[in-house]
């Protein structure tokens, strides 16, 4: 399809950047004046239906004293410490730094809520964000220039998936309720339409891209999944789920491995080389509720799923059909809230997810804070909570940049950038 121009590409004048002047406090520091409203204690102690090996704890854990990383590395060099112990030491050190994370900058560029978020793969201070109105912002918060802003169509243009083009990071892939999955640049030019529904009743809800296999995969609201190459050639278009495909994920270490999540309460794992129809999946992972997301870990060995109620599950490659563990966590679905999705940390075995307090949740306390929760991916224990009393909304999307030292959060109309307090001082 011939390239065409998107309307109203501009430098936005609606960005509000807010450097933090006074130190915001952690949920634990707020407990005395909030009558200890933060979640405490353990969550449900029951085993999940499929005999998972552990059930995560709802309350934050007390971190052990941080060991010397230099000493641990020296012990490893001498053969006295295993590499997993080195990794554990690095993770423990990072968790201690999370206590000093504060909001570095804040932007409110959209007139509708943020719906998708993607970090630039090589620039650790650049993030792209899409909105319910189809607007897209490219924001380098490390410089004072105004972000680049691409105006959307408004109602019905929601950006449901956003990925930088791994072969040319001046371009990005986007799936939308407008009825297309497309490749475009940040000047507003549509370079190629990969999928188009040609009807207002069908739209695209999910997207993923693989640089090594040069594949693009996208899912729609009636259960179809389309696989294409980067030249736009359709390889297959099959109905893989009974209902909306909320998430598609290509395994980062095994290109032919695909996970799909749906509101039909299943996550399915596929071998792209053997897909013949909806019954040709390798594994079907049933859930109690519709599923918002299914994400592979950076090493490809684990799968993280988020339902629309109160469960986060971790599956392992050693046994895909049975969850390794279950984390009870309140993040229920609400029509006017961007679906909450848990995400992996890019370097450590940690899970980050926004909390939507639920009075019906077993461990809920009155006036529970809307925190960003960080869990250990091995044990399911909550390790840390981030909270700013001046930005106390629900953070639906939370993702660390590829370096793992900066967190971006989508909270309603706002985009929050979290980093160490010392980083703000240096700026």
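Glycine is treated like the rest: Cβ placed from N, Cα and C.
If you look up Swiss-Prot, you'll see 1-11 marked as compositional bias 'Basic and acidic residues'.
Taken from Swiss-Prot, the feature phosphoserine applies to 24 (among others), supported by a large-scale study or a structure entry.
If you look up Swiss-Prot, you'll see 26 (among others) marked as phosphoserine, on the strength of a large-scale study or a structure entry.
Taken from Swiss-Prot, the feature region 'Disordered' applies to 1-30.
If you look up Swiss-Prot, you'll see 68-79 (among others) marked as region 'Required for interaction with DDB1'.
According to DSSP, the region 'Required for interaction with DDB1' (87-98) comprises 12 helix, 0 strand, 0 coil. According to Swiss-Prot, the region 'Required for interaction with DDB1' annotation covers 87-98 (among others).
Per Swiss-Prot, repeat 'WD 1' is recorded for 116-151.
Taken as a whole, the repeat 'WD 2' (159-194) shows an average pLDDT of 97 in this prediction. The repeat 'WD 2' annotation in Swiss-Prot covers 159-194, and the record cites experimental evidence as its basis.
The residues of the repeat 'WD 3' (203-238), classed with DSSP into helix (H, G, I), strand (E, B) and coil, number 0 helix, 24 strand, 12 coil. The repeat 'WD 3' feature in Swiss-Prot is assigned to 203-238; the stated evidence is experimental evidence.
Annotated repeat 'WD 6' per Swiss-Prot: 343-386, in sequence order, evidence recorded as experimental evidence.
Here the repeat 'WD 7' (396-420) has long-range neighbours at 94, 97, 100-119, 121-122, 124-125, 127, 129, 137, 139, 141, 337-341, 343, 345-348, 352-354, 372, 386, 388, meaning same-chain residues at least 6 beyond its ends whose C-beta is under 8 angstroms from one of its own. As annotated by Swiss-Prot, repeat 'WD 7' applies to 396-420.
Taking Cβ pairs closer than 8 Å, the motif 'DWD box' (256-274) reaches residues 206, 213, 215, 217, 219, 223, 225, 227, 240-250, 280-296, 300, 303, 305, 308, 320 in its own chain, all 6 or more past its ends. If you look up Swiss-Prot, you'll see 256-274 marked as motif 'DWD box'.
Outside the repeat 'WD 3' (203-238) by six or more residues, the chain places 1, 160-163, 165-167, 173-181, 192-195, 197, 244-250, 255-256, 258, 260-262, 264, 272, 275, 277-278 with a CB less than 8 A from a CB of the stretch.
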